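Asks: Pasting a structure here, questions to come.
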């Protein structure tokens, strides 16, 4: 199974983990964009992270991981539905492209910005957590987010190349199995030290069972059923209609005239094009467009 997450726990500890490996869905996401090769792994890290987090944060709806700033890469977004539908984009905006984006830290790429984690549930209230870009990597920033918001020790290892993305996540839980503070600290440090040895080659080539045995055999690891993921974009014509409607009738028809009788609405996630002509706007603003 090449596009899946695998939850696991360590026996007789209060530590849980999650493993993600994505290939087909990641390649589909990248293929819909004209990204510099040196930026593709960064998008892969965001896609892998949102897949891992989707198993940690229980929700019905959409989980969005986004960073926005004023640097060479002003916007990165990855989102995941509770059904395992993944999307992701990087936007360079008006910035002059760099010859090479590799080797730069996340704050150097984003500039003055903030990382947000948003849950849009199908029912209930929207939730958003914000964290400053105080770590060099996405994994560092997310660890800080969990330390501040959830007050749970959390560590991520994220990897990506042109064909695969994935990662490993460990999280300490409130005391249930083990109450001794020194023992809890020792178990956490051991798990992190073992996870630090993981390599991209292992992550992308070994079955989950084999990888977890290789990394954590001495801790006793229990693996749960895999959860599958795929690329799927939720865009549709109705969203384009809503965007045009939000302009108001006067501004919408002015835009129609500027664009020679056809308003184009493009989805940045999948490249789908939606065109709206005068008769479409007439129906929209008469209340009969569906």
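For all residues, glycine too, the Cβ spot is worked out from N, Cα and C.
Pasting the relevant annotations from Swiss-Prot:
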type	residues	note
DISULFID	233-235	disulfide bond
DISULFID	267-270	disulfide bond
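Help me understand the surroundings of these features in the structure.
Replies: For residue 233 (disulfide bond), the same-chain residues lying six or more positions away in sequence with a CB closer than 8 A to its CB are 87, 267, 269, 270, 272.
Reduced to three states, the DSSP call for residue 270 (disulfide bond) is coil.
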Asks: Note down the number of other Cβ atoms within 10 Å of the Cβ of residue 270 (disulfide bond), including every protein chain shown.
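Replies: So the number of other Cβ atoms within 10 Å of residue 270 (disulfide bond) is 18.
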Asks: CB neighbours of residue 235 (disulfide bond) within 10 A?
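Replies: The answer is 17.
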